[in-house]
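One structure is given below, encoded as structure tokens.
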Amino acid sequence: MARRPSAPSGVRGARRGTVSRARPGGASRSTEKRRGEHMNEALRAALADVVAIPVTPFAADGTVDEPAQRALLRLLVDSGVTTLTPNGNTGEFYALTPGERRRAVEVTVEEAAGAATVVAGVGHEVPAAVAAARHAAAAGARLVMIHQPVHPYVSHAGWVDYHRAVADAVPELGVVPYVRDPLLPGAVLAELGRHCPNVTGVKYAVPDAVTFAAFARDAGLDRFVWVAGLAELYAPSYWAAGATGFTSGLVNVAPAIPLALRDALRAGRYADAMELWERVRPFEELRARDRSADNVSVVKEALAALGRCRREVRPPGRVLPEDRRARVAALVRSWDA
């Protein structure tokens, strides 16, 4: 059946008593809606992938080594990584100055050059998080990941208010809450989603696949894109429970492995996925030891073994102890075998 032609702008529409008015720039409401839907689909697709968390390399004097940073970002993009999160925890978000965090977003957008979607990490007090989100939007990021509120007393209503303040400040960006609290009910996230349509996905980082499965269903399994926030070690179990993406720090070292794991999980090839999982398990277990004290140090040690950046991290992190360095180097060599 032929589609009825649209009523011209400024005349009565199909519904009695309504008037169609021209939209700014000549776009109709339906066109704007389609654009919004297309943008949302693109942002959701970016999260349903390997979400790389780039490291922040430091020079000998302790400042950010921007040439090394750019080289690492180019390696990620050239390897096929399409989602980058500057100022994640693997990037030592809490050890960077506000100026360093802003520059990290700018450099990442420049090196992504349209080939990768940038999800900028923001956080701290509400004014700082809002300012960082607005800077990220101006710099060219497409989404922001909001780090968990750093406060000893967090109410459920306050959690919603905190994230809503940031999401409302940047309606043009997708927003990704970073959830690490196993006691946060899914209904609280659902409430945030009702208030803020630009809350696109969730980085869930509680080390319990059952808790994740229940939380995702209570919050709305289809409403959000679910990102396994504990990297490769939890990707298969989270995937079985509804995740469609996972974060990765390993991707800084060996991009091909997390990309292959993603492909296997997407195809339902769980035997292949678990074979890859077993290859990286010792590396990820080193990162998780001692309550993840060496989470970043292990990644930087691997990069140092490859000659890509120095091993130094900032306090309260530490350089990987010497007795563990040979193990990291051996693991890196084994991936090339």
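Residue numbering: from 1, along the chain as shown.
Cβ atoms are placed via backbone N, Cα and C, with glycine included.
Lifted from TrEMBL, the feature list:
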type     : residues : note
ACT_SITE : Tyr178   : active site, proton donor/acceptor
ACT_SITE : Lys203   : active site, schiff-base intermediate with substrate
BINDING  : Thr90    : pyruvate binding site
REGION   : 1-37     : region 'Disordered'
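Of the recorded residues, the residue listed as 'pyruvate binding site' and Lys203 (active site, schiff-base intermediate with substrate) place their C-alpha atoms 14 Å from one another.
Counting only the Cα atoms, the space from the residue listed as 'active site, proton donor/acceptor' to the residue listed as 'active site, schiff-base intermediate with substrate' is about 5 angstrom. Long-range Cβ contacts of the residue listed as 'active site, schiff-base intermediate with substrate' within its own chain (separation 6+, distance under 8 Å): Val51, Met145, Val176, Pro177, Tyr178, Val179, Val227, Gly229, Thr247. Look at Tyr178 (active site, proton donor/acceptor): DSSP puts it in a strand. For the residue listed as 'pyruvate binding site', the count of additional Cβ atoms within 10 Å of its Cβ stands at 25 [all protein chains shown].
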